[in-house]
Amino acid sequence: MGQTIKEIKARLAELTDLSAKEFLEFETDERAGVQAALKSRKKQILAECAEDERLEQMLEFEKELYSQEIELIAGIDEVGRGALAGPVVTAAVILPKNCKIRGLNDSKKVPKSKHHAILSEIQEKALAIGIGIVDAEKIDEVNIYEATKIAMIQAVSKLSLKPEHLLIDAMVLDLPIAQTKIIHGDARSASIAAASIVAKVTRDEMMKDFALEFPEYDFEHNAGYGTAKHLAALTKYGITRIHRKSYEPIKSMVNFKY
């Protein structure tokens, strides 16, 4: 007696190589359910191969360092530089050698619905994670560029392991640690992408808490960025203690307070 469609689907799920002999065998099965299952599994395998290749490319900078016997590599990224309200948050993440996390990318390119699942895997696999936070008051005092550097140095200082090398998204830090500045690093380095996700989720959770304190500004949805609803609330209610007074239109509203 031949295999049932259910049995064939179960076997297909185990296959990861399109050249497997089972594919040729099942292609001779004329049942529509079998052909649909074949087509679906082939599509999945192609997608998995493409993802593996993408993740391999995201280890390019790390592999160059591995070849020099450098393994404690911290990726560093920030979130919140362009927001009108809330802190700038940074993260430093040291991943184990050749670590691949499916779906990992620049947080801006990852669907929000997947952030927490990817964060959980980062937390499970990472050798060390550090987070830096600089509030709006400090941002106004020193400017956002300097505040971001302060937050990044904070993040590095909070790592439980001392990194041998830093991979940083478009920054150079005043630290006695070898470092590489990578433009668009959060989409090109797995370590930086991991830091991007950690910083993003951390900041989003903070903004949800601020939304409870200041419900009129829709912080739980806009994360402090200048959406129409946020700007309308500024016009109606004024600025709060977490707004950046060095940013326009806040700068022109400093006497109109919540």
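Just so you know, glycine gets a Cβ as well, placed from its N, Cα and C.
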Let me know which member of Asp140, Asp169, Asp174 Swiss-Prot also records as binding divalent metal cation at the site of Asp77, Glu78.
Asp169
Which one of these binding-site residues has the most other Cβ atoms within 10 Å of its own Cβ: Asp77, Glu78, Asp169?
Asp77
Kindly state the mean pLDDT of the domain 'RNase H type-2' (71-258) in the predicted structure.
97
So which other residues, same chain and not among Asp77, Glu78, Asp169, have a Cβ within 8 Å of the centroid of the Cβ atoms at the divalent metal cation site?
Ile76, Val79, Thr90, Ala91, Thr148, Met152, Ile168, Ala170, Met171, Gly185, Asp186, Ile192, Ala195, Ser196, Ala199
